[in-house]
Structures are given as structure tokens and as C-alpha cells.
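Lifted from TrEMBL, the feature list:
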- 14-35: transmembrane segment (TRANSMEM)
- 55-73: transmembrane segment (TRANSMEM)
- 80-100: transmembrane segment (TRANSMEM)
- 106-128: transmembrane segment (TRANSMEM)
- 190-209: transmembrane segment (TRANSMEM)
- 239-258: transmembrane segment (TRANSMEM)
- 307-328: transmembrane segment (TRANSMEM)
- 334-356: transmembrane segment (TRANSMEM)
- 368-386: transmembrane segment (TRANSMEM)
- 406-426: transmembrane segment (TRANSMEM)
Amino acid sequence: MKEDHKIQKQSEGLYQWIVLASFCLNSMSNIFLFTGLSPIWSQVAIYYGTTDYDLNWFTNMYYITLMSSAFLFNPLIIKYFGISQLLSCCFTSLGLWLLLYVKQDYLLGLVSLGLISLGESLYFQVPLRKTYKIIIDLSKLWFAHDQRIISTFIAQYSSNVGMLISYTISSLYFQDIVDESEFNTRYENLILFNAIFATIALVFNLSTLKTPSQHHDIVEIRLTIWESLSKLVMSEESVFDILSISSFIGLSWCYTMLLGTQQYYQGQSFLEVTQTSIYFQVGQIVAGTYCTWKLQKQSKAGIQQDYDSYIKTMISLGFWLLVFEIILFEDIPFIILVFINFFIGAGIGGIYSVLLEALMEKHFPVQELAIGTIFAAVASVIYHNQKQVVSITITMTLVIPKFLEYGFQISCYLMIIPFCYIAVFYKTQFKRFEAEA
């Protein structure tokens with residue numbers, strides 16, 4: 001009997017990583033094309049017969065759909081995690097195959113981006129969620145307490161890995177294109193690859209329908225989803241926490257576009273812009289891996305995790321290097337600029353999962369799903385607004401050339417207030433840790 005139990009436990013231990021890997025494949029396939037558009041933005045605008053500025057409606061459609069549906073899908077995600085993952089994969093796959101089928105039809109392309117966005121709205125906050133009684137999220141259902149932060153990290157940063165792979169492939173695959181017909185063929189090949197990838201992810205996510213025979217976590221009381229949302233919105237401290245932290249995450253999502261615009265203005269090449277962007281993404285992943293490893297060791301030792309020191313140290317590193325870059329951008333040798341961007345990436349985007357875990361500790365017993373949804377919504381709005389700054393900057397340059405020179409600086413100076421709040425006032429309260437103890 002003991003031997004059978006041991007075999008079952010080993011089998012389930014392997015299966016939990018299959019479930020997590022399936023979720024990661026879904027996340028990567030969903031973000032792939034959206035990120036891959038960045039290095040080829042102008043050519044894609046020509047492909048759809050529109051302008052660089054009007055192509056922003058692709059991202060507008062993506063975020064409008066995401067923000068309008070994310071909160072509505074929360075009850076479905078809470079009750080039917082496996083089904084929500086399959087629906088997410090279905091929407092993503094359908095959107096990509098439709099985008100490939102309609103080819104250069106701009107309006108139907110918008111519909112396709114809306115479907116892909118519906119796919120994200122069904123998964124992007126899931127790894128953060130823990131719920132009342134039977135309804136349990138990915139981490140709580142499949143992973144033990146001391147595996148929580150690493151499973152959250154892997155699920156969260158799978159999106160960053162997808163962005164890094166997508167940006168790199170897009171940059172290399174299209175760098176030598178001179179003929180419009182060849183670009184059109186390669187662009188459609190990129191969509192085809194993404195559609196096949198998303199379909200494979202759909203098959204793998206059939207694994208999420210299974211429920212483990214033994215739950216790894218204890219039953220914990222949470223507020224309902226709507227009580228949680230209400231408490232977060234009505235609490236002054238939680239509003240400041242989410243706004244300040246989301247500002248850094250939102251900036252990390254659009255930083256490469258802001259800096260890339262500045263680099264082109266300074267006469268740097270496409271290859272140089274690509275290198276700084278890739279190092280920025282790698283910096284995020286490396287920093288996230290290091291912080292997670294250190295906090296995982298504390299978790300296994302059964303001690304309170306030192307979230308605040310990692311948060312304040314890394315954000316300070318990113319912020320002050322950002323200030324340094326803004327002031328001396330024209331005089332920085334390119335090789336130094338590359339390494340600075342590695343550490344800026346580590347500082348402003350390398351502790352996403354740590355920030356989320358800290359917020360969950362501090363605002364217990366609010367549901368993690370509510371925190372994740374609001375957090376991602378605010379960060380997405382900030383990202384969207386910053387991206388609009390890039391578009392407006394490019395447009396305004398035709399009338400006011402100096403606007404491009406200072407657009408990047410103005411966007412980054414907006415980080416001063418969020419940085420001061422986190423560095424001086426933010427402090428994690430270990431409410432969840434004490435309840436579990």
C-alpha cells in the first residue's frame with residue numbers, strides 16, 4: 001500500500017509540471033505575435049494598407065477587449081480552471097487562424113486581435129489566484145506551500161520568455177527584407193507558425209482538466225471576488241500600492257518601444273535597437289530567476305520571505321540607472337548602453353512575481369485573483385498610454401522635431417512619484433504567512 005502511494009505521489013509530482021508547462025505554452029503562444037509586431041511595425045502597416053499611427057488600433061482592440069472581459073471571466077476561472085484554459089487556447093488559435101485566412105483585410109485583422117485578447121483574458125491572472133474552499137487555482141491545486149513562489153514565477157515569466165523569443169525571431173527573420181512581396185510572405189509564415197504553436201498548446205492544455213487526488217494546500221478563507229475588488233478599490237493604501245507597482249510593470253512592458261524610438265532618433269541602427277531590447281528582456285528573466293531562488297530558499301526554511309529588501313533594491317537599481325541613461329544617453333558608448341539596459345530590465349521588470357506575492361501577503365484575505373486582475377489591468381492601461389506616447393511622439397515630430405528628443409525623458413520622469421512611494425513608504429505585512437502558520 002505504501003509503495004502504491006509512493007508511485008502515485010511520484011506520478012502526480014511529474015504531472016503537476018506538465019500542467020504548469022501547458023499553461024506556459026498557452027501564455028507564450030498568446031503573446032508571440034503581439035510582441036513580434038514591434039520590430040516590423042511600419043512594414044506591417046503597409047501590409048494592411050494603413051499608417052503606423054492607425055495600426056495602433058491593433059493594440060487598442062487588444063487592450064479594450066482584454067480590459068472589458070477580464071473581470072467578467074473571473075467567476076468562470078474560479079469555478080472551472082481547466083475549461084477556462086481550454087477556452088483561452090481556443091480563442092487564441094481561432095484568432096491566429098482567422099488572421100492568416102483574411103490576409104490583408106485590416107478590419108477582420110482587428111477582429112482577430114480581439115479574439116486573441118479574449119484568450120489572454122482567460123489566463124493572464126490565473127497563476128495568482130487562490131480561492132475559498134473547493135475552488136483552487138493552479139499553484140494551490142498542484143503545488144505545495146514551499147513551491148508556490150517558484151510555480152508563480154515560472155507561470156508569470158513564461159510570458160516574458162515568449163516575448164523574448166518572439167522579438168528575437170521577428171528581428172532576425174525580417175532584417176534583410178527589401179522586397180514588399182517577400183515581406184508579405186514571411187509575415188504570413190510568422191502568423192502560420194504562431195497558429196500552429198497555439199494549436200499545439202491547445203492539445204497540451206487538455207492536461208488542465210485533471211484534478212489531483214490530493215490537494216497540496218490547506219483550506220483557507222477568502223473574501224468573495226466582489227468583496228475583494230471592493231476592498232482593494234476603497235482602501236487608500238492598496239490603491240497607492242497597486243498604482244505605484246503597476247507603473248513600473250507598465251513601463252517595463254513598453255520600455256523597449258520608448259527607448260527604440262529614442263535610439264532611431266540618435267541614428268542608431270536596427271541591429272543596435274534589437275540588441276538593447278533583447279538584453280532588457282534577458283535582464284528581467286535573470287533577475288526574476290535570482291530573486292525567486294533566494295526567496296524559495298527562505299520559503300523551504302519556513303521563515304518569512306524578505307520581499308521588501310528585494311523589491312526596494314531592484315527597483316532602486318532600475319530607477320537610478322534609468323536616470324543615468326536619460327541624462328547621458330548621447331554620450332554613452334553602445335556597449336555600455338547594452339549592459340545598462342540589462343540592469344534596467346532587471347530593476348523595473350525583474351521582480352514581477354515577487355511584487356505580486358508581496359501584495360498578496362499584505363492584503364490578505366483579499367482573493368489573489370482580484371489582486372492579479374486589478375494589478376494587470378492598471379499595468380496594461382499604463383502600457384497602452386505609454387505606447388500612445390510613442391505614436392504621438394512619431395506624429396508630433398513632423399511638426400515639432402524637438403518633441404521626439406524629449407518624449408522618452410518625459411515618460412520616464414513620470415516614474416519619480418511611484419519610485420519615491422515604494423522606496424520610502426511601501427512595507428509588506430505578512431498576514432497570509434501568519435494565517436498559514
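Just so you know, glycine gets a Cβ as well, placed from its N, Cα and C.
With pairs at least 6 apart in sequence, the transmembrane segment (190-209) and the transmembrane segment (14-35) have 3 or more Cβ pairs within the 8 Å limit; the two touch. Between the transmembrane segment (239-258) and the transmembrane segment (80-100), fewer than three CB pairs separated by 6 or more residues in sequence fall under 8 Å, so the two stretches do not touch.
Between the transmembrane segment (190-209) and the transmembrane segment (307-328), fewer than three CB pairs separated by 6 or more residues in sequence fall under 8 Å, so the two stretches do not touch.
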